[in-house]
Amino acid sequence: HLPSMRTPTAMIVGLVLCPCGLLLTLTGTIAPNWRQVSRVPDQPLDVVWEQGIWDICRERQSTHDRLCGQADELGYFEQVPVRVAQGLMPSSLVLTVVGLVVAALGVRCWQPKPRHLVAGVAGLVLLLSGLMSLVPSSWYTQELWALPAAPGSTLSVGYSLVLSYLGSCLEILGGLALALSFHHCCKEH
């Protein structure tokens, strides 16, 4: 009988979740809002400082005036969790792109049947890239209140950190789904 032309469901799940995770992680990496600092002493009440891993922005919420490229007077960018995030987040993005290219080659690549071994390897690469972005997100969250801020100010989690978490989780789940291709590979041998 003829081989089925259908792509296995796990591969489809992996190819849907991982690009979504890439977009969320990319947004979380670039956008300067891993942490919000509000109610800063000697500042108007409606001023919020948004700190990312690359930039610090000051926004006046009543007028929506936003100014990025603020000076790092407290040594925020010298902190180890921020430095680790600056290294691991871009590395994770590059690894995700590599994993998606390999996944595309393994899932179909104009062949009548998927290449289960290639798709499984892509799944492991994507799983690793998800873990590489989950580590700095988790560490930053752990140290959020220990990172330097003006005494007496209010600290909260920013949307970029949440997006980085969600993107990491989607990449991990997508990588695991693609790694299930090893099961088919083992059945064939």
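For all residues, glycine too, the Cβ spot is worked out from N, Cα and C.
As given in TrEMBL:
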type	residues	note
TRANSMEM	12-31	transmembrane segment
TRANSMEM	84-105	transmembrane segment
TRANSMEM	117-139	transmembrane segment
TRANSMEM	159-182	transmembrane segment
Winner by Cβ pairs under 8 Å against the transmembrane segment (117-139), considering only 12-31, 84-105, 159-182: 159-182
Contacting positions for the transmembrane segment (159-182) when only residues 6+ beyond its ends and CB under 8 Å are counted: 8, 10-11, 13-18, 20-29, 31-35, 52, 89, 92, 96, 99, 103, 106-107, 114, 116-117, 119-120, 122-131, 133-134, 136-138, 140-141
